[in-house]
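So the structure is just underneath, and the comments pick up after that.
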Amino acid sequence: MKVSAALLCLLLTTAAFSTQVLAQPVSISTVCCFNVASRKISFQRLQSYRKITSSKCPQKAVIFKTKQAKKICADPKQKWVQDAMKYLDENSRTTKYSSF
């Protein structure tokens with residue numbers, strides 16, 4: 001009887017700890033920009049972009065990906081950055097519709 005009670009306690013303890021481990025959130029890495037491009041990048045070199053708005057980052061930024069797979073941080077307040085995002089948005093829309 002003592003052995004079965006001890007086994008039951010061990011089983012319940014193991015079950016309690018395993019559910020706590022499973023319930024923990026998955027760690028997602030945050031990408032931040034600490035320096036931004038100081039000059040304009042040719043729109044034709046750009047392939048895509050991603051906005052960085054995480055509160056964990058020191059500043060808001062846009063990461064442009066070039067056709068050569070380089071990633072470049074830029075200040076989203078600058079006019080050329082806004083124009084580049086608009087250019088990429090329009091090109092991606094045109095590409096989607098022209099494939100029919």
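Every residue, even glycine, has its Cβ placed from backbone N, Cα and C.
Small disclaimer: the values here were computed from a predicted structure and weren't measured.
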**Request:** Going by Swiss-Prot, tell me which one of CYS9, CYS57 is disulfide-bonded to CYS32.
**Result:** CYS57
**Message:** Please report the distance from the Cα of CYS57 (disulfide bond) to the Cα of CYS33 (disulfide bond), rounded to the nearest angstrom.
**Reply:** 7
**Asked** According to DSSP, which of helix, strand or coil covers CYS73 (disulfide bond)?
**Response** strand
**Asked** Under a criterion of Cβ-Cβ distance under 8 Å and sequence separation of at least 6, what residues of the same chain contact CYS32 (disulfide bond)?
**Response** ILE52, SER54, LYS56, CYS57, PRO58, ALA61
